[in-house]
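Going by TrEMBL, these are the annotated features:
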type	residues	note
ACT_SITE	Asp304	active site
BINDING	His57, His59, Asp151, Asp304	Zn(2+) 1 binding site
BINDING	His59, Leu60, Arg61, Asn91, Asn277, His308, Phe322, Gly323	substrate binding site
BINDING	Asp151, His178, His231	Zn(2+) 2 binding site
DOMAIN	48-234	domain 'Dihydroorotase catalytic'
Amino acid sequence: MSESVLVTGATLPSGDRGDILIADGIIRELGGLSSQTADRTIDAEGLIALPGLVDLHTHLREPGFEQSETVLTGTQAAAAGGFTAVFAMANTLPVSDTAGVVEQVYSLGKQAGYATVRPIGAVTRGLEGEQLSEIGAMAHSRAQVRVFSDDGKCVHDSLLMRRALEYVSTFDGVIAQHAQDPRLTEGAQMNEGALSSELGLKGWPAVAEESIIARDVLLAEHVGARLHICHLSTAGSVEVIRWAKARGINVTAEATPHHLLLTEDLVRSYDARYKVNPPLRRDEDVHALRAAVADGTIDIIATDHAPHPSEAKECEWDSAAFGMVGLESALPVVQTALVETGLIGWDDVARLLSKAPATIGGLAGAGELRVGGVADITLHDPAASSVFGLGDLAGKSLNSPFLDMTLSGSIRYTLHNGYLTVDDGAVVAADTVAAYAARFNEGF
Ligand SMILES: NC(=O)N[C@@H](CC(=O)O)C(=O)O
Ligand SMILES: [Zn+2]
Ligand SMILES: [Zn+2]
């Protein structure tokens, strides 16, 4: 089992080139030419070294929906995509609304060893939107929950939302809102507009998202709390966030890779791989989201990796589940949609997909490459270009909207706590990774 790794000739996000020496899970040297030898040397000529990616919005599905994904398979998908930390959404069964459930998810993540798993706690009991969950108990549990969300559902009751914001502000927690007015979207199947009329599918209007965001930024201002908005999907939502930030409101926002690349036109195929919540929108929305990522109005890119088994997707549009897998394709999509269009650089990628989500989620020390820091590193080949295929999916579910699309860039190596979880493009075997993780957890 190699304990030291020397990465040679990598390009850092700043554009500088240099070596990275890792020993016992820690970055010992960074930049320049190392004179050291190591148990394993990785030639990173032409590869970009990014701080390990951090996903603030992942559905790992365990406990309860293990036919879709487990903590093990979901973190294997994460590693394949260059992620070294994921925040696991609370819409499990039982719901992650108690210290017991979040500690279970946290422990499963530690055992698997592919990525740091930080559970997100439900805002309301059973995601039912009626009573607050055991927020304090989850925050003070071993799982150290800082992010709370009813994702999949909107916290619609204004008073409950206010109370939740007040509660988490006592320990610098954050509420991540899935902004969807339930009354305005009953039975909704796709973006509301000319195309939904043409296709005869019930529409999900932009205002159902924008009105909740507008209310919640005002609530966050009123109580002085921190608010995060999940998966922004419309040009109007961008305007509301821009207004809120200009006013000094403590709000952060995320966009998903799929909302940054795909439009509602794909729904014409009636292929339920394109069915997602919030729905794919118009070209104008995609452009507004891209501009908002480029100018900092949108703080992070998060995958909303939402695995579903084939029987939930290979059926009629109306009865299919909402959601797409996204961990494995996130970085190539970001490169394709934002880097190659000249909107952002690799230093921005490091911020949007690592440093900023780590900061929002309270993941201390993560999201940067620095001497003395934990060796969570992604080595990415930006020159690769390939057709995204089933072989690129490392999780349990295959519901990717990017299959058969040509995407730029490919993740070659992922290091978590200084050991390899992806080696030359292949996910390292579960028993090998678990053994590394056990040694790391004991402090080597
Ligand atoms: N995004 C989705 O379409 N689905 C998510 C829930 C969610 O993120 O709202 C899921 O859990 O399947
Ligand atoms: Zn959601
Ligand atoms: Zn989600």
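Backbone N, Cα and C define each Cβ position, glycine as well.
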Quick one: of the binding-site residues Arg61, Asn91, Asn277, Phe322, which has its CA closest to the CA of His178 (Zn(2+) 2 binding site)?
Asn277
Is any of Leu60, Arg61, His231, His308, Phe322 (binding-site residues) within Cβ reach of ligand 3, i.e. under 6 A, and which?
none
Pairwise CA distance, Arg61 (substrate binding site) versus Asp304 (active site), rounded so that it is a whole Å
12
List the binding-site residues His57, Leu60, Arg61, His178 whose Cβ sits under 6 Å from any atom of ligand 1, in sequence order.
His178
Of Leu60, Asn91, His308, Phe322, Gly323, i.e. the binding-site residues, those within 10 Å of Asp151 (Zn(2+) 1 binding site) when Cα atoms are compared:
Asn91
For substrate, with binders His59, Leu60, Arg61, Asn91, Asn277, His308, Phe322, Gly323, what's the maximum Cα separation in whole Å?
17
Rounded Cα distance, in Å, between His59 (Zn(2+) 1 binding site) and Phe322 (substrate binding site) is 12
How many other Cβ atoms are found within 10 Å of the Cβ atom of Asp151 (Zn(2+) 1 binding site), counting all protein chains shown?
25
